[in-house]
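Per TrEMBL, the feature active site, nucleophile maps to 168. For 196, 197, 198, 199, 219, 220, 221, 222, the entry in TrEMBL reads substrate binding site.
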């Protein structure tokens, strides 16, 4: 199998010109990290974890140190990871004070009999595993403080535009042994209630991986994604014989028509076909395969270059 990794930086509204280059660099960096792991014989799980760690460490994205703030001005993060070989999975929600929730999700998958830990239980497990705790304020950026103020100010108007709240990061990969995996991580929605959990840590919604079909990571309005089980729905269409493009269009179209939800997804099939699709205004993404790097942010805007 020719290895492949695809990453996304979240469905969103229009991205300002001054941020576009930084977002571009972050996407390329994450895809290059993931592909490098695959090229050296690493597993799909290693690749998606590595790519998502790179995005959690980048303050441009709504995960890790770029996470948006809840109504109390605090960071609460969600993440999940899944191995398509045996359907093993790990997830965490409402975690605080750690740099890389995706690493903790993988530890849940590999070191516990469970799939999902939350809040205090996740914190106790992280401490037991030696995951370093960092001060919560280290995850808070000035940009996200301003976003919270703006959101609270506008809340009275009850704007129907959810687009500003669609940030997540994710990765899917296919390794040389034919295994697929996904990883998804997020800080959630600006001004969310304390304890709110979206789709990102939920198997079948925020992502899914099965060697018999493929792997998906989703982004967008979490409540909408949960209601339609977006990741598993997309793979269902693949099982029905649809192409990756058709499957993505069908599931995103259903979410939009049924619950008026916007978002996006990345997917790789067991055959190595891949797609990045979205109904939000933009979705930064990058894919690496056969020594080539594909990248885009806006519809009909794809750049292809040679990988270093």
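Cβ atoms here come from the backbone N, Cα and C positions, even for glycine.
A quick note: this is a predicted structure, and the numbers were derived from the prediction, not measured.
This view paints the features noted in TrEMBL onto the structure.
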residue: 168; record: active site, nucleophile; contacts (Cβ under 8 Å, 6+ apart): 8, 10, 11, 62, 63, 184, 185, 186, 200, 206, 218, 219, 220
residue: 196; record: substrate binding site; contacts (Cβ under 8 Å, 6+ apart): 70, 76, 188, 189
residue: 197; record: substrate binding site; contacts (Cβ under 8 Å, 6+ apart): 78, 93, 94, 118, 188
residue: 198; record: substrate binding site; contacts (Cβ under 8 Å, 6+ apart): 78, 186, 188, 189, 206, 222, 223, 225, 226
residue: 199; record: substrate binding site; contacts (Cβ under 8 Å, 6+ apart): 205, 206, 218, 220, 222, 223, 225, 226, 230
Cβ packing number for residue 219 (substrate binding site), 10 Å threshold: 34
At a 10 Å cut-off from the C-beta of residue 222 (substrate binding site), count the other C-beta atoms across all protein chains. 30
